[in-house]
Amino acid sequence: HLGSVIAYFTSAKFLLYLGHALSTWGDRMWHFAVSVFLVELYGNSLLLTAVYGLVVAGSVLLLGALIGDWVDKNARLKVAQTSLIVQNSSVILCGVILMIIFLFKTQLLTLYHGWLLTLCYILVITIANIANLASTATAITIQRDWIVVVAGEDRSKLADMNATIRRIDQLTNILAPMAVGQIMTFGSPMIGCGFISGWNLMSMCVEYLLLWKVYQKTPTLARKSAKVEASELKQLNVKKESDMKPAEGVQLIIEKDVSGFEPQQEKEVGCAARIAEPFITFRDGWVAYYNQPVFLAGMGLAFLYMTVLGFDCITTGYAYTQGLSGSVLSLLMGASAVTGIMGTVAFTWLRRKCGLIRTGLISGIAQFACLILCAISVFMPGSPMDLTVSPFADISARLFENEPLPTIASPESEMIFATGIPNLLNGSLAPANSDPEMSPEPVPLISVSLLFAGVIAARVGLWSFDLTVTQLLQENVIESERGIINGVQNSMNYLLDLLHFIMVILAPNPEAFGLLVLISVSFVAMGHIMYFRFAQKSLGKQLFVCHTPDPKAALDSSPPGNTSTV
C-alpha cells in the first residue's frame, strides 16, 4: 500500500499536476498584482491598466496561431523549457523594474522631462506582454499536448487528468490573489514586487526539474521529432501543394539539396518565403481551424467568453454599485470555485455514463438553464436597468465635475486586497454607492441575489462544457497540428473576450448592465446552438440515446448515426 502511494507521488501524472500548480499559482499572483501596480504607478488612473489589457488581448489574437505553430515545429522538451524560462524571466525582470520605479519615481519624473519614466512604463507593459505570450505557449504545450501523451490511449485517464488540472486552476484562481493581496495590503506594493519576483525565480527552477522528470518518465514525449522534421521541411518547400503528404515534401527537398540546382535562386526564394512565412502560417492556421471536425464545438466555447456573467472586474464592479461588500463578494467567489469543482466532477461522471459529446450537450443545457435566472434578475425589484439613461452619463459627469478616480489607499481597495478579488482591469476599485448622496436608501437585493445565484450555479455546466470541448480538441486534432489549432482557439477566445470589454466600454453605467446581461445570455445560447449542431452532425439520430461509450472510439472514425461516441 505504501509502495503504491510512493509510486503515485513519483508518477509522471502527479509531477505534471505539481508543475501546473506552481506555474498557475505564479501566473495568478502576477495577473492580479500587475493591474494594481499599473494603477498605483500612474497616479491612480486606469489608463496603463487599460493599455496593458488591450496589448495582451491583441497580441494573443494576432500571434496565437504563430505561437501554436512554433509549438508544433519544435521538440516538446525544448518548447516547454523555453516558454517556462521566458515566462518566469520576464516576470522577474518586470518585478525588478517595478521595484526601481517605486523606489525612484520622484527622481525619474525629473529626468528628461519624465520621458525616462514613460520608457519604464512601456518596458513594463512590453515585458509583461512577453510573459503572457510565453504563458500561452506553456498552456498549449502542457495542457493540450503533454497531457495527451502522458495519458496514452486511455481516454478515461485523459478526462480525469483534464478535470484535475481544472480543479487546480479553480483553487489557484481564489487562493493566489488572496495571498499576494495580503502581502500588498499589510506590506507595500514594493514588497509585493519582491515577493512575486522571488517566487518566480524559485518556481522556475522547480518547474524546470519537474518537466525534465516527466519527460524522462514518459519516453513517448520524445517521439515527435520525425513528424516535426517532415512538417518543417514541408513548410520550407515553397511550391507545396495542399494535398501533398509530408513524406513527399521531404523527398522533394532532399532531392533539391542533393542535385544542387541553382543554389543562389533557392536562397533568394527561401529569404522571400521566410519573410512571408508568419503571414502564411497565420492564414493556414485559421483555415486549418475552420476545417477541423470540431470547429463548431470550438466556436461554441469561444462564444462563452462574450459575457459579463463571471467573476471578473465588470461583474464585481456592478456588485459594488448594488451594495454588496467585499467580504460578501469573497464568499460568493469561494462558492463559485466550489461549483466549478463540482462541474469537473460532473464532467467525469457524465462522460462515463453518456459519452463525451452528450456530456457537452447536457452541460450546455444546465448552464443555459441557470443563466435564465440572470435574465430574470434584470426585471426584478432592485435592478437599476433604465435604457432612457445615456450610457455615457457617468463618464461625462466625471469629466465635467473633475471627480478624481478612486485611489489605491481607499478602504474599498484594501478590502479588495484582503479578499483577493482577482482583476481590477476596468477599475472596480470603489462602489458607485460609496457617496451617501448617490444612494440615500438601500437597494433591494432580490435582483443582485438572483444574478449571482445564476452565475454561481451556471459554473457547474460551464466548467463541464469547457472540459468537454478541451478533450474534443485533444482527441480529434492530429498531433502535428495540436499547437496551431489550440493557438487559434486561444485567439478566438481572446477575440470574444475583447468584444465583451468593448461592449462594456460602450455602455459602462449600472443602468445599462441589465442590457449587457441579456446580450451575454444570448451569446451563451448561440454558443450552445453551435455545439448542438456539431453534436447533431457527429451522432445523428443517436444524439439523445445515452449509453456507456466505447473508450477507444474516435469522433472522426464514427460515421453519423453510429452509437459509439468519444
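Glycine is no exception: its Cβ is also placed from the backbone N, Cα and C atoms.
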Transmembrane segment per TrEMBL, picked from 5-26, 203-224, is residues 5-26
Are there three or more C-beta pairs under 8 angstroms joining the transmembrane segment (110-134) and the transmembrane segment (294-320), sequence spacing 6 or more?
-> no
Against which stretches of its own chain does the transmembrane segment (483-506) lie, if we need a Cβ under 8 Å and a gap of at least six residues from its ends?
-> 53-54, 57-58, 60-62, 64-73, 136, 139-141, 144-145, 281, 284-286, 288-289, 292, 298-299, 301-308, 314, 391, 425-426, 473, 477, 516, 519-520, 523
Short question: which residues 6 or more past the ends of the transmembrane segment (361-380) have a Cβ under 8 Å from it?
-> 300, 309, 343, 346-347, 350, 354, 446-451, 453-455, 457-458, 460-462, 464-465, 468, 514, 517-518, 520-521, 524-525, 527-528, 531-532, 535, 543
